């Protein structure tokens, strides 16, 4: 099944057509692919673009898309994005976190690991499942195995929640649907 269709079916499972609100937050360093993933879904997933509202948050690198009863917020984290109040407000009430890392930008893995661990320690996210997406596996020099990403981001040190790594390419529309499906099963 194509990743975009798997994403769509996972959204349905999350309650897209029910009355219970669901909030997912897509977090990662800048240029990891968060906004591209949501845009890709808006362009390629049946019915996703219809009835979707989009809000940019002035003064931040954050945006929110709402489809049905599911809200998707993207949030850049890292050394250039230290407005903790905005960060906390963006994650408050999240039922799932999608942490995206650029699998091609290995020089920033330490920074990504620090941000992942800071997020996992946030009281506001206690027990919330984390999906880690290693994006851009279509690049020739990218890390393409989930175990390498797990090791480099020290994912096994995070013990206070369900967490799993999936590899994907948003540009090639591969892999992220399975990850979202896993996350949906944990919410």
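Each residue, glycine too, has its Cβ placed from N, Cα and C.
When the candidates 98, 170 are compared with the GTP site entry in TrEMBL, which names 28, 29, 30, 31, 32, 33, 34, 35, 135, 136, 137, 138, the shared residue is 170. Residue 170 (GTP binding site) and residue 35 (Mg(2+) binding site) are 10 Å apart (CA-CA, integer value). Listed in sequence order, the residues of the same chain lying 6 or more apart from residue 135 (GTP binding site) and placing their CB within less than 8 Å of its CB are 32, 33, 37, 100, 101, 102, 103, 168, 169, 170, 176. Within the same chain, residues at least six positions away from residue 137 (GTP binding site) with a Cβ under 8 Å of its Cβ are 103, 143, 144, 167, 168, 169, 174, 175.
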